[in-house]
Structure formats: structure tokens, C-alpha cells
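Notes for the one structure printed next.
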């Protein structure tokens with residue numbers, strides 16, 4: 001197949017071949033050869049039709065280009081599709097895991113997996129790779145030819161595996177420049193293992209079990225470009241005494257071995273500039289020979305026991321940096337006379353690291369007299385308690401001085417009276433509580449001063465007098481409680497001020513006003529609760545302000561006044577909280593016209609409800625971080641002012657089962673947004689068209705939510721989308737996700753991470769979303785749905801009509817039996833208690849008590865006893881029984897009919913029971929009173945009432961007052977002359 005590829009490459013360069021664009025996002029690629037009417041000569045041979053046919057067949061027979069957007073174990077990096085990440089995916093079968101990775105991939109990261117073996121031709125389809133990372137696996141075997149085909153690879157990382165020996169495994173890596181084999185179990189390396197690596201520059205074999213340095217030399221001696229060889233933390237004891245030469249080597253590290261000698265007499269390293277032999281056991285190295293290292297510029301002997309008398313200064317004339325730190329104090333400090341004798345004969349020495357070696361201030365004086373240094377590191381010398389007597393007078397050229405991690409508690413200006421050229425001073429991790437006046441005044445050119453991690457409680461501004469050139473001051477992790485406007489008056493040129501990790505609680509008006517040139521101010525990890533108005537006034541050049549990890553909860557009106565050039569504002573992890581979306585009288589950021597980045601992450605109780613004009617004034621903002629808030633409620637157009645926003649992160653806002661709330665039109669004004677992250681928010685659904693205005697969106701991440709369906713409306717108008725991440729959701733294998741399944745598998749523009757591993761989230765299902773059979777979704781169920789729905793509607797209508805009739809009949813039958821029994825009992829056992837039971841609706845109650853009751857129960861004419869619901873029903877008895885008793889104990893039933901009466905179920909029941917009594921007794925016991933005209937069709941559902949109207953006489957309430965006496969006369973006549981017997985005149989009155 002490789003021969004066929006070469007033919008295709010030659011053809012691509014021919015003007016007679018038209019190539020359909022090799023779009024690596026297609027499933028297949030092919031070549032179409034245009035047939036020329038005349039024979040064309042190519043390399044002395046005729047281009048015949050048979051060859052044309054062969055080439056077309058070859059084009060179609062080549063392995064298909066992998067489907068780019070649906071990997072199982074891997075994902076493309078969201079900002080560069082040429083970078084593929086397969087991290088922490090429990091990969092064991094390498095070939096299967098990377099089979100679907102596109103050919104154009106240049107960077108492949110397979111770290112933190114469970115790969116054990118690299119078989120031959122493992123990466124043959126990834127010839128474009130330049131960076132391959134396989135660290136943190138369990139690789140113990142690399143077969144011959146495993147990397148064949150990777151001619152473009154420049155970096156190979158095999159760190160933290162279980163490789164024990166290195167054989168002929170690197171064939172084909174002709175462009176490799178960096179090979180990392182550290183943290184393995186290598187004991188043996190074949191002499192020809194690295195021969196193919198003709199361009200290798202850096203080889204790391206640190207933290208293995210190598211003891212044979214000769215074997216290493218034999219394996220690397222043929223590498224013409226090797227510059228760096230790292231053998232840190234092995235078990236090498238002796239160097240090779242066979243004549244060898246590594247001409248290109250510039251850096252060699254034996255750090256952390258067990259060297260007994262430093263004899264390079266047989267090894268020619270003419271271009272070696274850096275040699276590290278630090279931490280090499282407890283035994284004294286006596287055999288030292290460095291003559292063959294004429295270009296040596298840096299020598300690290302820290303933690304190595306060596307007799308300095310054996311170091312010949314004449315062989316180190318080009319040495320510029322030397323580390324003589326004493327990490328093993330069991331052998332005592334170095335003799336200062338011996339040190340001075342050596343250093344005094346190194347004319348080019350500029351840097352000396354002398355940690356844990358100086359016993360006191362006198363030792364510094366002695367050391368300073370024998371050298372002319374530019375950088376001196378005296379850190380971690382626990383015997384240094386104070387400096388006050390011109391200890392550095394003999395080092396007037398010194399530019400950098402490190403005194404960190406000592407026990408210093410006192411200094412004065414005499415300490416560095418001669419250090420006129422000092423630009424950097426590190427006094428961190430000491431025991432300074434304060435400094436005397438003018439302590440640093442001689443340091444006219446000092447640009448960097450670190451006082452971090454000292455127990456300083458307050459700042460004496462006079463101590464810093466004279467530091468007019470200072471550009472960076474580090475006061476982090478001290479015990480500072482208060483600062484005021486006098487604290488920084490001595491720093492007119494200060495650009496960076498770090499006050500982080502202190503105990504500052506309040507910032508007063510004008511505290512930083514003298515710092516006109518300050519560009520970066522760090523106040524994170526303090527106890528700030530109150531920021532007075534104009535706390536930052538005067539900082540007209542401030543670019544970055546860090547207020548993270550404090551206790552800020554609100555902002556004064558003029559807090560950020562004067563910060564016209566502020567680009568970065570960090571307010572994360574405070575207590576900023578709002579409880580309403582009402583408009584703020586003073587929007588906090590309205591004057592930050594140039595702000596580019598705003599961090600509001602992790603407010604202790606969540607921002608909760610973001611006010612509607614909270615972001616007013618931030619027209620230049622490009623990056624907004626709102627994630628890690630327990631609660632964020634965005635129900636207005638809060639983002640409308642952010643017209644230039646390109647990155648928005650609202651991830652990690654879930655609080656228990658509560659999810660992030662987003663208004664449907666929240667994003668409508670973010671026309672330039674490119675990156676949107678809504679990860680880990682408990683989102684269960686998305687509002688259609690919510691994101692349709694984000695036409696510039698390129699990266700959209702919704703991973704680790706509870707989404708079940710993704711449909712077309714969610715991604716509508718996202719024309720620039722390149723990366724869409726919904727990994728870790730609960731997508732269901734239903735027809736609702738049919739569009740997403742088909743789109744994600746066929747899109748050529750958008751990458752969906754780990755698409756091929758999305759499981760179906762139905763209980764008991766083991767299938768994947770991409771395997772979902774969508775045949776049932778394509779079946780036209782319209783007619784079936786129509787017939788089913790039509791049948792259901794028809795059945796419902798018939799059943800409703802039938803059930804209404806049946807229920808009425810059942811009730812009718814039930815109460816016929818009951819009425820028959822009760823009526824018979826009343827007839828034989830008791831007399832009537834009432835002349836009439838009045839059946840009326842609650843709406844007509846006023847008419848009954850105002851007109852009917854007075855007319856029939858009161859007055860000089862014949863009166864009647866009426867039974868009324870609220871007055872005469874017996875409490876505690878079932879309402880059905882009360883109605884039945886009222887009808888049975890009354891001679892007649894008065895039905896007061898109105899439109900309201902027809903809609904009352906209780907009235908319907910009363911009519912039915914009265915009809916049963918009429919049916920049983922064969923007497924005219926029902927009197928109908930119509931309060932208003934009612935059309936006949938409205939009585940259709942009241943079939944029994946309709947029948948009564950047809951058979952019985954009814955009386956209508958007259959509109960005219962003059963006709964009402966006649967109306968009542970007719971009612972009395974209908975009720976009859978007979979009244980209730982006197983022995984039954986007692987009434988049951990209900991309050």
C-alpha cells in the first residue's frame with residue numbers, strides 16, 4: 001500500500017490530475033484522473049488507460065478517512081481540531097481506541113489510561129502526528145515498528161510507565177527531537193535503540209534503574225544532534241573510561257545518583273555548558289577531572305560531598321554559575337578559605353548559589369571579599385539572624401540577592417550601603433516584624449523587593465524611603481491588618497503590588513493615591529468587608545485588580561472611580577448577593593469603560609438574583625465568569641450591555657436539585673460571543689431559540705447536565721459553531737433525539753466530544769445513542785394517530801352521553817326504591833310537617849327570603865309552613881337524606897326555576913326526587929315557579945323538568961308590581977286549603 005501512496009503523491013503534483021479536494025472531514029476521499037486525448041509521458045512511461053483505471057480503483061480502495069466528529073474514547077481540543085485528547089478513558093486496546101481519529105491530527109494525548117502494549121503499526125494512520133503523549137499508562141512492552149509511519153513526530157512522551165528495557169522500538173521516528181522515558185523501570189538499553197533518531201535533541205532517562213553509564217554512552221554516541229541528556233535519579237556510580245565523544249551535547253545531569261567520581265578524562269564533551277552532579281550520596285567524591293569540558297559555564301554540586309581542593313580552577317575558566325549549596329549538613333559547612341581560593345580563581349563567575357552554608361554575617365563578609373558576583377543566593381541559612389554591619393560592601397556589582405528562608409529579624413541601611421547596583425532583593429520567609437527608618441535607602445536602583453511571609457503587622461513608610469526605582473513589591477502572606485494613604489508614599493514608580501493573603505479588613509479613601517504608575521494590585525485572600533468610596537482613586541494606570549477570596553458584599557457608588565484603564569477585575573469568592581432584579585441606583589461597574597475580563601465566580605451564597613442593570617457600562621467586556629455560584633437567577637436582559645462579550649462561563653451553579661435559571665431572551669444581544677459554557681448546572685431542558693442570536697458562537701459546552709433531548713431549535717442559527725459538548729447528560733434514545741443523532745453523525749463543521757460513547761439513558765438499556773434504530777421514527781403514523789384520536793373522541797362522546805343517561809336512570813331507580821319505602825312509612829306512621837318544600841338555587845336565595853317566605857308564611861291571609869334548606873335541614877345528617885326527608889314530610893314541592901337553577905346538580909336531584917313522589921302518589925305535588933323566561937332548548941338536559949312543563953301548570957313571576965297579588969293568590973290556591981295539622985306545627989330551625 002505504501003507504493004500506491006507514493007504513486008498518488010506523484011500524481012497530485014501532475015497538472016493532468018484533478019483532485020477532488022481531500023476534505024479530511026469526509027468519510028471517503030478519491031482521485032479522478034482526467035483522460036487526455038493524447039498519450040502523456042510521465043517519467044518516461046506512457047500514461048495508459050489501464051493505469052488510469054488502476055489509480056481510480058486505488059483511490060476508492062484506500063482506507064476511508066475516519067469520521068471526524070464521533071469518537072468513542074477521544075475528543076478534539078475545542079480551539080484546535082488538530083489536537084485530540086483521550087485522557088482518563090480507561091483505554092486498554094490502543095488500536096481500537098484511536099481507530100476513528102482523523103488523519104490530520106497533529107497532537108495526540110493518551111495520558112492516564114491502562115495501555116500495556118504498543119503493537120506494530122499502532123499509529124500508521126496518523127502520519128501527521130508531531131506530538132504523542134503516552135505518560136501515566138502501564139506500558140511494559142513496545143513492539144518493533146510500533147511507531148512506524150510517524151515520520152513527522154517531534155515529541156514522544158512515555159513518562160510514568162513500566163518499561164524495563166529499550167530495544168529497537170523507535171524505527172521510523174526520523175524527525176523526533178524530544179524523547180521522554182523518565183519514571184519507568186529501565187535497566188537496559190540496546191546499543192542501537194536510538195539509532196533511527198537522527199534529529200533527537202533532548203533525551204530524558206531520569207528516575208529509572210540505570211546503573212551502567214557505559215551502556216548509555218554506547219546507545220547515544222551516534223546521535224549527531226543530541227544536546228540534552230537527563231540521567232537524574234538513577235543508580236550510576238562510575239563514569240565510562242573508554243574513549244568516547246559527544247560533540248553536540250550541551251547539558252548533562254547526574255543529579256540524584258550515587259557517583260563516586262567526576263572523572264571525564266576519557267569522555268570528550270567539547271560543547272558541554274551545563275553539568276549537574278547534585279545530591280550524589282554521602283561519600284566524598286575525590287576523583288575529579290573536568291579538563292575535557294572546556295566550555296563549561298554552569299556547575300551544580302549542591303548536596304554533593306566533594307573536596308574543593310580537587311577542583312582545578314584552571315579547567316573552569318569559562319564558568320559563570322556555580323551551586324555549592326550544602327543540603328547534607330552532616331559533613332559540616334564548607335571551609336570558607338577553601339571556597340574563597342576556588343572562587344577567587346574563577347574570573348568569569350557571576351552567579352553563586354550558597355544555600356545552607358553560611359554560619360553568620362562574618363561568613364558573608366569573607367565570601368564577598370573573594371569574588372565579584374552579579375547574583376548571590378544565600379537562602380535557607382538558618383544561622384543568619386541579623387545583618388547590620390556592611391556585610392556586602394565588597395560586592396558593589398551585585399545585582400540580585402536572595403536571602404529567603406533564613407532567620408533574619410533585623411537589618412539596617414548599613415547592610416547594603418555599597419549595593420548601589422542591586423535590582424532584586426528577596427527577604428521572604430524570614431522573621432521581620434518591622435523595619436527601621438531608611439532601612440532600604442541605599443538601594444537607589446532596586447526594582448524588585450519581596451518581603452512575603454514575614455510577621456509584619458504594619459508598614460512604616462519611612463523604612464522604604466529612597467526606593468524610587470522600585471517596580472514590584474511583594475508583601476503577600478504577612479500579618480498586615482491595616483494600610484492607609486501614607487503606607488505607599490515612597491513608591492512613585494511602583495507597577496506591581498502584592499498584598500494578598502493578609503488580614504486587611506478595610507480600605508480607606510485614597511489609600512493608593514501615590515501609586516500613579518501602578519498596573520497590578522493584588523488584594524486576594526484578605527478579610528476585606530468594607531471598601532470606602534474612592535478607595536482606588538489615583539490608580540489611573542491600573543490594569544489588573546484582584547479582590548478574590550474576601551468578604552465583600554456590596555459596592556459604594558464611587559468605588560471604582562478613576563480606573564479608566566482597568567482591564568482585569570477579579571471579584572470571585574466573596575459574598576456578593578442580590579435578592580431582586582430591581583434596577584440599581586448606582587451600577588457598580590458603570591465607570592469601567594475599558595474592562596475586558598470580570599470574574600464573579602464562587603460567591604459564598606451565590607449571586608442569586610442578578611439586578612437588571614448590574615453590568616451597565618461594560619461595553620468593552622470580553623470575558624465574564626459567573627460559574628461556581630450556588631445560585632444564579634438571570635430572568636431579565638442583564639447581558640444586553642455586553643455587546644463585545646466573547647467568552648461567558650456560567651458553570652457549576654447547581655445547588656442540590658435546583659438548576660440554573662436563564663431567561664429565554666437573555667443572550668439575544670451577545671452577537672460576538674464565541675465561547676459559552678453552561679456545564680454542571682442541573683439543566684433538564686432548553687428553551688427553543690434561546691441561543692439563536694449567537695451567530696458568532698464557536699464553542700458551546702453543556703456537559704454534565706440532565707438534558708434528555710437536543711433538537712434543532714436549540715442550535716438554530718449557530719452558523720459559526722465548531723465544538724458542541726453534551727457529554728455527561730441523560731440523552732434518551734427516542735424519536736425526540738432523532739435529529740440530534742443524525743446531525744451529530746453527519747455534520748462536517750461541528751465536533752461533538754465522545755459522541756460514540758453516549759449511552760441510552762433508559763432503564764436496563766446497554767445500547768448507544770449512535771446505534772439507536774430510527775426506523776420506527778420514519779414510519780408515517782399520521783393516519784394511525786388520526787384514526788385513533790377520532791375513535792377515542794367519538795367513544796368519549798358516546799360514552800359521556802350514555803353514562804349521563806344511565807347515571808340519571810340509576811339515581812332515579814335508586815331513589816324510587818328509597819322514596820317508595822320512605823313515603824310509605826311516612827304515610828302510615830307520620831303526618832306532613834310542611835305544606836311545601838322549596839327547591840331553589842343559592843343565587844335565588846335572596847328572592848326566596850325576601851318575597852316568597854313573607855308572602856306565604858306571614859300576613860293576615862292563610863299562611864303555610866315552608867321547608868327551606870338552610871333553616872330546616874337537620875345538621876349532621878347526609879344531605880341526600882335531608883332532601884329526601886324534606887320532600888317526604890312536605891305535601892308539595894315548590895321549584896323556583898331560573899337559569900342558575902338549571903345549572904345546579906342539587907336542584908336537579910331535588911326535581912328527580914319530587915318527580916318520584918308524584919309518580920308514586922299519583923298526586924299533583926310539584927309547583928313550578930319561573931323567575932324568568934327560559935327557552936325550551938335550555939331545558940333539554942332537564943328532561944324531567946321539561947316533561948313537567950308539558951304536563952303541569954306553571955306560574956311565572958310577573959315583572960309588574962300590580963300583578964304580584966294575583967301571582968301569590970295562584971300560589972296559595974295551588975298549595976290548597978289544607979294546612980299542616982296543629983300537632984305537627986313544630987319546626988326544625990337550623991342556625
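FYI, residue positions are counted from 1 along the chain as it appears here.
Glycine is no exception: its Cβ is also placed from the backbone N, Cα and C atoms.
Source: prediction; values computed, not measured.
Listed in Swiss-Prot:
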| type | residues | note |
| --- | --- | --- |
| DOMAIN | 729-779 | domain 'LRRCT' |
| DOMAIN | 832-975 | domain 'TIR' |
| REPEAT | 152-174 | repeat 'LRR 3' |
| REPEAT | 199-220 | repeat 'LRR 5' |
| REPEAT | 225-246 | repeat 'LRR 6' |
| REPEAT | 248-268 | repeat 'LRR 7' |
| REPEAT | 271-292 | repeat 'LRR 8' |
| REPEAT | 295-315 | repeat 'LRR 9' |
| REPEAT | 372-394 | repeat 'LRR 12' |
| REPEAT | 445-466 | repeat 'LRR 15' |
| REPEAT | 493-514 | repeat 'LRR 17' |
| REPEAT | 517-538 | repeat 'LRR 18' |
| REPEAT | 565-585 | repeat 'LRR 20' |
| REPEAT | 620-641 | repeat 'LRR 22' |
| TOPO_DOM | 805-991 | topological domain 'Cytoplasmic' |
| TRANSMEM | 784-804 | transmembrane segment |
Same-chain residues at least 6 beyond the ends of the repeat 'LRR 9' (295-315) whose Cβ lies under 8 Å from its Cβ atoms:
255, 259, 262, 270-288, 321-328, 331, 334-335, 338-339, 341-342, 345-346, 353, 355
Please report, as numbers and ranges, the same-chain residues at least 6 past the borders of the repeat 'LRR 15' (445-466) whose CB is under 8 Å from any CB of it.
404, 420-439, 472-483, 486-491, 498
When secondary structure is assigned with DSSP, how many helix, strand and coil residues does the repeat 'LRR 12' (372-394) contain?
0 helix, 5 strand, 18 coil
Distal contacts, the repeat 'LRR 20' (565-585) - CB-CB under 8 A, six or more residues away:
524, 540-554, 592, 594-614, 625, 628, 633, 635-636, 638
Integer mean pLDDT for the repeat 'LRR 8' (271-292):
90
